[in-house]
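Taken from TrEMBL as is:
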type	residues	note
COMPBIAS	1-15	compositional bias 'Low complexity'
REGION	1-57	region 'Disordered'
DOMAIN	341-415	domain 'Ig-like'
DOMAIN	433-505	domain 'Ig-like'
DOMAIN	535-625	domain 'Ig-like'
DOMAIN	637-733	domain 'Fibronectin type-III'
DOMAIN	735-830	domain 'Fibronectin type-III'
DOMAIN	931-1026	domain 'Fibronectin type-III'
DOMAIN	1044-1132	domain 'Ig-like'
Amino acid sequence: MPEAKPAAKKAPAGKDAGKDAAAKPAPKEAPPTEAPPEDQSPTAEEPTGVFLKKPDSVSVETGKDTVIVAKLNGKELPAKPDVKWFKGKWLELGSKSGARFSFRESHDAASNVYTVELHIAKVVLGDRGDYRIEVKAKDFCDSCAFNIDVEAPRQDSAGHSLESFKRSGEAKSDTAGELDFSGLLKKRQVVEEEKKKKKDDDDLGIPPEIWELLKGAKKSEYERIAFQYGITDLRGMLKRLKKAKVEVKKSAAFTKKLDPAYQVDRGNKIKLVVEISDPDLPLKWFKNGQEIKPSSKYVFENVGKKRILTINKCTLADDAAYEVAVKDEKCFTELFVKEPPVLIVTPLEDQQVFVGDRVEMAVEVSEEGAQVMWLKDGVELTREDSFKARYRLKKDGKRHILIFSEVAMEDKGHYQVMTNGGQCEAELIVEEKQLEVLQDIADLTVKASEQAVFKCEVSDEKVTGKWYKNGVEVRPSKRITISHVGRFHKLVIDDVRPEDEGDYTFVPDGYALSLSAKLNFLEIKVEYVPKQEPPKIHLDCSGQTSENSIVVVAGNKLRLDVSITGEPRPVATWMKEDQVFTGTEGRVRIEERGDISSFVIESAERGDESRYTIKVTNPAGEDVATIFLKVVDVPDPPEAVRVTSVGEDWAILVWEPPKYDGGRPVTGYLLERKKKGSQRWMKLNFEVFTETTYESTNMIEGILYEMRVFAVNAIGVSQPSMNTKPFMPIAPTSEPQHLTVEDVTDTTTTLKWRPPDKIGAGGIDGYLIEYCVEGSDEWIPANTEPVERCGFTVKNLPTGAKITFRVVGVNIAGRSQPATLAQPVTIREIVEQPKIRLPRHLRQTYVRKVGEHLNLVIPFQGKPRPQVVWTKGGAPLDTSHVHVRTSDFDTVFFVRQAARSDSGEYELTVQIENMKDTATIRIRVVEKAGPPENVMVKEVWGTNALVEWQPPKDDGNSEVTGYLVQKADKKTMEWFTVYERSRHTSCTVSDLIMGNEYYFRVYTENICGLSDLPGVSKNTARIVKTGMTLKLPEFKEHDFRTAPKFLTPLFDRVVVAGYAAALNCAVRGHPKPKVVWMKNKMEIREDPKFVMTNHQGVLTLNIRRPSPFDSGTYSCRAVNELGEALAECKLEVRVPQ
């Protein structure tokens, strides 16, 4: 790779500069030089901040490669840096900059140093300018600027300037002789002149190619070009352009070139149009240097001299440079494909979860593959960080998902999704999971060789645990079995032995909780008692009048073991209330085991609550004990849950206590809220709420919500109540504005007002109008349904009463504050003087043409409603021809087809009692005038003729504005106009040709135009020649006959299948040759696919919708009596790929 030498403004520093200097090949005459060490460089500065080595400004020759290197201190960066390279201020260099630009990045883990490189291959003059490197890492950002100077290739004389710096003498050794400075001094002046000339030619550091581009561009394009090529001195550039003389070089091939740049939204289509000077010239389109072939994506069109390239459904791949070539000429453009804004279709939703749950936060956007940014509490979540954290980011079409496999407490917070078209936010609430014991372990008393079963039930199926005996973990064996099925954990001990007696404990993993029970070993001692013993029930309190109470939680198992003694063995009988219970199987059953009678209920229900009696008997006597079983449960859900009122961001929720409290007093309530359509409920309180009225706040106005309530007692939480009807936090509107009275009659009042200043998200459904009669406090509604417009007429009011009116706005939130009139209104008709407001155009004569319609709208005023009368000349109108419609405010005069009889003066009278107003309307209906009368040639002298006539009998009811005079030679009778709009009834026609005889005719002209018929002169004007004879010269007639000859031949064509094609040529010959079109030597006859035309020798063969079958050799033959001519071409029809 060729070297990139540092610019003169900044001296090279460090090892890299030494390498660049050493890389240059030194001439044989000069000794090799070495760059000074880094610690000895006088210009070396100790790097500070993130840049250990800043990029150097370089100067490189055109066509060579260059590398820009920068080193970053990783210790100063909070994360892996994101490095971007810019040309100028904002033009980012990336994959779209072309293959010449490449980027490399490496990281030394030992020293924590990042090395970034910018490679530019085959540098061109357009690469000259200021550059900038930008480093970003989370919240950290820094940048550094540098410059690239591009020089023209060095000339031979400049490349060997050191040859002049040589030693004098004939000695062959390099060290012999003296140094000769003369050669170098002679060339100093030449080098300075070249530098001065280069400075003049390259003012402001802008390459000549850019100057040429600016000279040919529009003024509106200057800023874009300066931005594209990194020109920062805009004022200097504009001064230079103002002084320069722009010479527009005309193109020989293009009459209209492409614009410098085009822009299109992704997914739309765009047309690139050029106009060429010759429609037969071949034309090719290129994209990034590759020829474009016709396809459904790229469609070529030929419209006259225009050539159109249509690009359908533009994607980011179409963002490229395009060019069109005609022979040796080319024109270029650049297409920018703009990404449409990405909108959020389905926003994030608030979630409330427990530690360890799987969480998916999803958002749906409007575009597939769109880039979105996830943030947590304002900090961006990246895919690089996801490998270290517990989350991962997933894309599924338009859905973007943030997934936590096992959520932790530190994951709670506010999460935000941002796109270039919007953003949304949601809160993730994480709570510690509370383990609830549904069934505790019970103490057991087991005899030898029997089975002992410890069983407990917890609320989480995933919870595991360990069993301990007297603090020592229990291990499974042949006699001991440990099982975990769903929420149930069991410890089973077979063949119980005395050593199994002790305290057993179950400890759930991960929870500060333990369940304990005791195993008692019952030893059996056999004693022989020869005497009888009466039966006895061993309870805490026994006897005929004693009563025991047992409380069991609904759903739990109850096993009531009653120990019985007596000899002989007594018989136990169980009764529920007064009914004997004998069942030994099922949910409720009796079990007998030796001296123990057990009453077992597997899953207690509310119906099991009752008084139970056990009676034992033997020959020696009997014993009775009564047990009252009370079943307690969670309460029923609260009832009548409803929202009584809402505000802008609040709502009042009211409910009734549950009918059944579960046997334990209700200690309070829990409330939840969710958005309508969502499945995520959010808790509103974590401590129980004791009241039955709750105000929910911090809601969003205009969003539909639903709420539900749980009842809580000592046993647990009830099922949720029925959801409330969906409600929307909306405040009523403010009061209507500017309530005024527009009109009052004997029984009605018309009010008008303006909408409220504050309407809110609920909008406004309409307005209700109410009125109150003076002396009463009752407000009477004037309308039952809200009216939408800001005006209303209250009817059926008592005449003469004084009434106060008010208006309220109504929406989903209820009624607004009323807008009330300040003073009462007296219901009485207000007499108003009648007055006709005649439009301006009817204050003068109204002119219409025959056949047109007459439609006059004349407004008037007056109260009460005036009487309107139309007359013409004092007589009433003909209602069969004239239609009149009158309203409270105007009257309409209508005639469908006007006739001349409709002309005249019309009188309009508007009258209220003895008051009236009158207006006169003058209407004139006109048509074309008749022809002039008695057109005569009165006198002829020399080449002049005097023509006179009389005005027409019928002027068309309009003033004659002039006459049109025409003349005609008697031989040809072709008429020519000699006078227009002549105001007189006579005229003198001059410049007549001697020897000819002329007729004259005259048209009448009025406001409707010329008359349909002219008045023709009855006599003629003969222009006599005196003293002159005509002698015709002799001439020989020329022979114009020629054989057929093609002036324009046929050209080979390539067309696209499905698009009409035309073959054109031109032929000359006299007599007119006969033309025959042929395809592959076969004459084309009457085929509807081919249309042949001949327009004054220009021959065209149109081919409709050609297909590949229409490809071949087409020829055109022209034949007349003097010979024939033939023209041929080849037509190729291509199918789009």
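Cβ atoms are placed via backbone N, Cα and C, with glycine included.
Counting residues of the domain 'Fibronectin type-III' (931-1026) by DSSP class, helix then strand then coil, yields 0 helix, 52 strand, 44 coil. The domain 'Ig-like' (341-415) makes no contact with the domain 'Fibronectin type-III' (735-830), as judged by fewer than three Cβ pairs under 8 Å among residues 6 or more apart in sequence. Here the domain 'Fibronectin type-III' (735-830) is broken down by DSSP into helix, strand and coil counts: 0 helix, 45 strand, 51 coil. Secondary structure counts, DSSP: the domain 'Fibronectin type-III' (637-733) has 0 helix, 42 strand, 55 coil.
Applying DSSP to the domain 'Ig-like' (1044-1132) sorts its residues as follows: 3 helix, 58 strand, 28 coil.
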